[in-house]
Every structure is written in C-alpha cells, then in structure tokens.
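Engineer: Before I ask anything, here is the structure I am working with.
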Amino acid sequence: MLPTTLVNSGSQGNGVLSPRDAARHTAGAKRYKYLRRLFHFRQMDFEFALWQMLYLFTSPQRVYRNFHYRKQTKDQWARDDPAFLVLLSIWLCVSTVGFGFVLDMGFFETVKLLLWVVFIDCVGVGLLIATLMWFISNKYLVKQQNRDYDVEWGYAFDVHLNAFYPLLVILHFIQLFFINYVIISDSVIGYFVGNTLWLIAIGYYIYVTFLGYSALPFLKNTAVLLYPFALLIMLYLISLACGWNFTKMLCSFYKYRVK
C-alpha cells in the first residue's frame, strides 16, 4: 500500500494527509525503499545504470531527461534504483587500486588510500556539496516558495554522483597512463598535460551539475551555476604561468595520507 493512502492522526478533516506529513512520509518511504534495494542485486537495473554512465560522457542531457520521466511516473526526481551507486563504487575501487599501483604503494597503503577516496573524496565531499546545493537551490533558485516545489536532497546527491563519475574516470583512470612518464616529470609538458586534465574534469563536473539543476522546471537563474568556469580558467592559466602541477601535488598528498 502506498504511504499516501494511509490516514493517521495528522490527517485533515477530509481524510487526506496534511501536505507536510504526506511529504515527510513519502520521503521516508522512498529512502527506505532505496536502502532496502541496496542489498538486493537482482532488483537492480545495472544495464540501465551502464547506459547512464555512457551518456554522461556523450550526451548528459539525455540522462536528465530520464530523471524528468521518473518524476512523471514515480513522483520523485531522485533515483529509486541504487545500481548506479553500486557501479560507481566498483569503478572507484578499481581506479583507486590502479592509482596505488602507479604510485608504487603497498597493500596496506592502497587500502588506506581506498578508504580515504571512498569515505572522504566521494561520500564526505559529496554529502557536503549535495547539502550545500540543496540549500542554495531551495533558498534562492526556486521560482515560487511553495512546498510543492522543492529540490529533493536525494536528487542533489544524484547530481553530484552524475558529475563525479566523469571526473573520476578522467583523473583516476585516464590520467594514470600519463602520470609516471609525462605528468610527474619536472617539465612544462608535464604540468600542462596534468593541469589540462584537471581543467577538463572539473569543468565537466560544473557542466553536468548545471544540467542537473537546469533540468528542474521550477528553478530559475540556474546559469549562475556556470560562473565557477571563469574562476576555473583563471586558476588554470595562473597554474601554467607559475608551474604548479596539481597532479604532482595530489600524489604527494595521497602518499602523505597513507603513511
């Protein structure tokens, strides 16, 4: 039975749940369903999740059109299938092990690096960014301050995961082939290649994030989410002028953290 069909003490006189109680109950039910499916792999649609991962590189707009379709059919913007999160976790583990191998880390050092990347870089930073964007979008970007129009926190986290996946592939997979032979070297081409990959990865993160919030029809002025591009390009040019090597700094930081 759907939660919205239940009537409790918080219902109105006509037997319908009050908007606040209905929204709270529905959100809790959806969250419970998502977490429950996390332990039932047979219920997950991994083929569709792989399709999303492919199109996040080739046509991310199509991914968000599917989010719009989910809202029409299931009355929620956020994913109800954790398959994407599971596949992202696998990608994260594999790429981090590859990162540890390239940096010549031992077994326990690689495990420490994996725990750091999963719980700090992905989950911790993701929770922070999702909460911040959820607050900003609901506070300043909603066209009408109405309970019927709000950004789900789960959707904000999904947008982060969508944007994080291309960044992960670029920095933790593609970059691996250039670290030891090109990027780490103390040469102009080294920090040019490394910093350019960072520019592409973070730029893609900003763009996919913008697409995620611009896909919501009740938000306004979402173009402001593209403004960090100016700061990113400025920082990129300064790094080239000063000879900063972001990848080399990251590798040194990772080695320091796993000691």
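Including glycine, each Cβ sits where the backbone N, Cα and C put it.
TrEMBL: automatically predicted annotations, no manual curation.
In case it helps, TrEMBL gives these features for our protein:
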type	residues	note
REGION	1-20	region 'Disordered'
COMPBIAS	1-15	compositional bias 'Polar residues'
TRANSMEM	83-102	transmembrane segment
TRANSMEM	114-136	transmembrane segment
TRANSMEM	163-184	transmembrane segment
TRANSMEM	196-219	transmembrane segment
TRANSMEM	225-247	transmembrane segment
Engineer: Which listed stretch (114-136, 196-219, 225-247) has the most C-beta pairs under 8 A with the transmembrane segment (83-102)?
Structural biologist: 114-136
Engineer: The transmembrane segment (196-219): which same-chain residues, six or more beyond its ends, come within Cβ distance under 8 Å?
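Structural biologist: Here the qualifying positions are 56, 60-61, 64-65, 67-68, 77, 133, 137, 141-144, 149, 151, 155, 158-160, 162-164, 166-167, 170-171, 174-175, 178, 225-226, 228-229, 232-233, 236, 246-247.
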